[in-house]
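> Below is a structure I'd like to ask you about.
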Amino acid sequence: MLPHTISEIISGLRDKQFSSREITQDYLARIKRLNPELNCFITVTEDLALSQAEQADARLNAGQTSVLNGVPLAHKDVFCTEGVTTTCGSRMLEKFVPPYESTVTRKFIDAGAVTLGKTNMDEFAMGSSNENSYFGPVRNPWDTERAPGGSSGGSAAAVAAGLCAAATGTDTGGSIRQPAAFCGLTGLKPTYGRVSRLGMVAFASSLDQGGPFARTAEDAALLLNVMAGHDPMDSTSALNPTEDYTSALAQPLAGVTIGLPKEYFSNQLNAEVEKALQEAIKVYESLGASFKEVSLPHTELSVPAYYVIAPAECSTNLSRFDGVRYGHRCENPKDLEDLYQRSRSEGFGDEVKRRILIGTYALSAGYYDAYYRQAQKIRRLIKNDFVSALNEVDALLCPTTPDVAFRLGEKTSDPVQMYLEDIFTIPASLAGLPALGLPCGFKGGLPVGMQLIGNYFTEARLLNLGHQYQLNTDWHKRSPALGE
C-alpha cells in the first residue's frame with residue numbers, strides 16, 4: 001500500500017525505504033488503474049513526473065533536499081502550468097498551453113515536489129458537484145454513484161483514492177471545503193490574499209483563493225508553508241508576513257474558546273450530521289476547549305448575495321474568452337459578431353453561460369444599484385457579523401455541508417438546490433476568512449465534514465485545532481475500499 005500522508009513519504013524518502021521515482025511510479029500505476037472509473041485527472045504528466053522524481057532523488061543523494069522534495073502531488077486544472085495543458089474543465093481552453101507557470105505551481109516545483117498531473121474540475125470552477133466539467137463528471141471514491149463535491153472534485157477524489165499524496169484546489173464559495181467534506185479529507189481555504197492568484201484562472205477575483213487538500217492538518221500545514229506568501233505580481237496578495245504553519249500544531253487547547261454559530265445548527269442540517277458535530281464538540285471539550293454560542297444573523301443572506309457578486313465578477317472575467325486571442329475559436333466565422341457569438345456558445349457549458357447571464361444582468365445599468373450594490377452591502381454586514389463573533393472566541397465550529405455527498409444527477413436539474421449546497425461555506429468566503437474542513441464521522445458509509453473558521457491570518461490556530469482533533473480521532477485515517 002502507498003503511504004497515506006506527506007509526513008510518511010518524507011520519512012520514507014529520508015530513511016531510504018523507497019526513492020521518489022519508485023513512489024511516483026506507484027502513484028502513476030494507481031492512476032492508470034483507477035482513473036478510468038473515477039475521472040479525477042484531465043491530464044497525467046507521466047514523463048514530467050518521472051523526470052522530476054529522478055531530479056529529487058539526485059538532490060536527496062547529494063544532501064540538497066527540502067521539505068517536499070520528491071513528494072508526488074496533483075494540481076487543479078485551474079493553475080497555469082508552463083508547457084502543460086490548462087483547461088479549467090472547459091472546451092474553451094481544451095487546447096490551451098500556458099506560456100508561464102502560476103506562482104502556486106512554481107513554488108511547489110521550487111520546493112522539489114513532483115507533478116503527477118492536472119485534476120478535473122467544474123468548468124471555470126463553477127459548480128458544487130464536479131458534474132459541470134467538459135471532460136465528464138468525477139466520481140466519489142467512497143461511492144462512485146455520488147458526487148465528490150465541487151468545484152475541486154478531481155483534486156479531492158484523487159487524494160481520497162490514493163492517486164496522489166495531496167493536491168491543490170481553489171475555493172471561491174466552498175470549492176475546497178465542500179469536496180473535502182464529501183471525500184473525507186482535510187481541506188484549507190486560507191485568508192483571501194494569503195496565497196497568490198497569479199496564474200490561477202479567475203472566476204470571481206474578490207473571492208478566489210488557492211489552498212491544499214491533504215489527509216491531515218499536519219500535511220495541510222506543510223503545503224501551506226510552500227503556498228503562502230506575498231507575491232508582488234498579484235495586486236490582491238497580502239503583505240502580512242507568513243509563519244511556519246507547523247510550529248503551533250502541538251499547542252495544547254486548554255483555555256481555547258470555540259464559538260458555535262446558532263444559524264448553522266438549523267433545520268437545514270441533517271440530524272446525523274449534527275450528531276457527528278456534537279461528538280466532535282465532546283472531543284474538543286475533553287482537550288480543554290470551551291464552547292460558546294454566537295450569532296451570525298445575516299447568514300441567510302449569504303447565498304443570494306454570493307450569487308449576485310460571483311456571477312457579476314465571472315461575467316467580466318470571462319469576457320476575455322472571445323475566440324480572438326486564445327481559447328476555442330469557431331470555424332469559418334462570417335464576421336466579428338459571429339466569431340464572438342459562436343466561439344463563446346460552443347466553448348462554454350450551460351452553467352457557465354447561466355452565471356454569465358446572471359452577472360451581466362446584475363451589472364446592467366437598470367439593475368446595478370438594486371442587485372450588485374445591495375449584494376456588496378450585505379457582504380459588509382456578513383463580514384461585520386464574523387468580526388463581532390470572533391472578538392469573543394478563538395474560532396468557530398460548524399458544519400461544512402447540510403448533508404453527506406448526494407447522488408450524481410440528483411441536483412443538476414435544479415440550480416437553486418445545487419447553490420444551497422454551499423450555504424455553510426459561502427459566508428466565510430464573502431468575509432475573506434480562513435476556514436479548515438475536517439472529517440468528523442460517517443453517515444451511511446459516507447464521510448461527514450466539519451468546518452473551523454478563524455479570524456484573518458489565523459491559519460496556524462485553525463491547523464492547531466485540526467491537528468489536535470486528529471490526534472484524538474481516526475476519521476482522517478479511513479480510506480475507501482475501491483475493490484482492494
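Every residue, even glycine, has its Cβ placed from backbone N, Cα and C.
Pasting the feature list from Swiss-Prot:
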| type | residues | note |
| --- | --- | --- |
| ACT_SITE | Lys76 | active site, charge relay system |
| ACT_SITE | Ser151 | active site, charge relay system |
| ACT_SITE | Ser175 | active site, acyl-ester intermediate |
> Count the Cβ atoms, other than its own, that fall within 10 Å of the Cβ of Ser151 (active site, charge relay system), considering every protein chain shown.
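Neighbour count, Cβ to Cβ under the 10 Å cut-off: 34.
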> Give the distance between the Cα atoms of Ser151 (active site, charge relay system) and Lys76 (active site, charge relay system), rounded to the nearest whole Å.
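Lys76 (active site, charge relay system) has its Cα 10 Å from the Cα of Ser151 (active site, charge relay system).
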> Would you mind checking how many other C-beta atoms are within 10 angstroms of the C-beta on Lys76 (active site, charge relay system)?
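I count 34 other Cβ atoms within 10 Å of it.
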> In whole Å, how far is Ser175 (active site, acyl-ester intermediate) from Lys76 (active site, charge relay system) when you measure between their Cα atoms?
11
> Validating a neighbour-count step here. Other CB atoms within 10 A of the CB of Ser175 (active site, acyl-ester intermediate): how many?
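Step by step: centre on the Cβ of Ser175 (active site, acyl-ester intermediate), count other Cβ atoms within 10 Å, giving 37.
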> By the DSSP assignment reduced to helix, strand and coil, which category contains Lys76 (active site, charge relay system)?
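For Lys76 (active site, charge relay system) - judged by DSSP and reduced to three states - the answer is strand.
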> For the residue listed as 'active site, acyl-ester intermediate', what is the secondary structure state per DSSP, taken as helix, strand or coil?
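DSSP assigns the residue listed as 'active site, acyl-ester intermediate' to coil.
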